[in-house]
Amino acid sequence: MTKRYFVTGTDTEVGKTVASCALLQAATQLGYQTVGYKPVASGSEMTTDGLRNSDALALQRNSSLPQPYSAINPYTFAEPTSPHIASADEGRAIDAAVLSRGLRTLEAQADWVLTEGAGGWFTPLSATLTFADWVQTEQLPVILVVGVKLGCINHAMLTALAVEQAGLPLVGWIANDMQPPGARHGEYLATLRRVIPAPLLGEIPWLGVSPSQAATGQYLDLSPLERA
């Protein structure tokens, strides 16, 4: 049976893609046929191949099972803004059925599929649909990425509570160091360990620029996912 997970974050720009690439690397090292899925991405650049999003490209590079870009990222928008705004501006509605069909296609080929969200847990995809709604429909186990910075404890607790209220399993969380560790770093991590009701899969240290291109799988331990 295919293992499937959804990666969400405490906010936008907290390292979801860095963590997702690390997860794909670690799962590949365990022998899985892996693929990353970024169903909706805003903030893309025009290339000779069309609009391309850097996060989706990173997932494509770190998947062990080669896939065309369109399979990794069915909805690509140019402006780096909330997907429901970008889709309205471009006159291209986001259809939840398209997201689900894309996921089914990948699940039929890989045995470890990781879906990365956009922004935070409740990011709107339309006036009536959030990413959380779709994840709940798909019943995906959730992995939370916490960007370790001031305010992250509150954001982590709120997100974990929202996942719980959606009736979904929070199967793990990842600490992503967004800057060199400060004086209170250890206390932040200790508090996060205490208040997040899920196992810590690992801490990705501050790596500077282009962390999604680094060998980050080494920082994770997926054994809690294997036991779940």
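Even glycines carry a Cβ here, placed using N, Cα and C.
In Swiss-Prot this protein carries:
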- K38: active site (ACT_SITE)
- 13-18, D55, 116-119, 176-177, 205-207: ATP binding site (BINDING)
- T17, D55, E116: Mg(2+) binding site (BINDING)
- S42: substrate binding site (BINDING)
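On the structure: features taken from Swiss-Prot.
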residue : record                 : Cβ contacts under 8 Å, 6 or more apart
E13     : ATP binding site       : G147
K38     : active site            : N53, D55, A56, L59, I72, N73, T115, E116, A118
S42     : substrate binding site : N53, F77, A78, E79, P80, T81, S82, P83, A86, A118
G117    : ATP binding site       : F6, V7, T8, G9, K16, V40, T123, F131, V135
G119    : ATP binding site       : G9, D11, T12, S82, P83, F131
D177    : ATP binding site       : V148, H185, E203, I204, P205, W206
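Within 10 Å of the C-beta atom of G15 (ATP binding site) sit 26 other C-beta atoms, taking all shown protein chains into account. Secondary structure at the residue listed as 'active site', as computed by DSSP, is coil. There are 12 other CB atoms within 10 A of the CB of W206 (ATP binding site), with all protein chains counted.
Counting other Cβ atoms within 10 Å of each Cβ, the lowest count among the binding-site residues D55, E116 belongs to D55.
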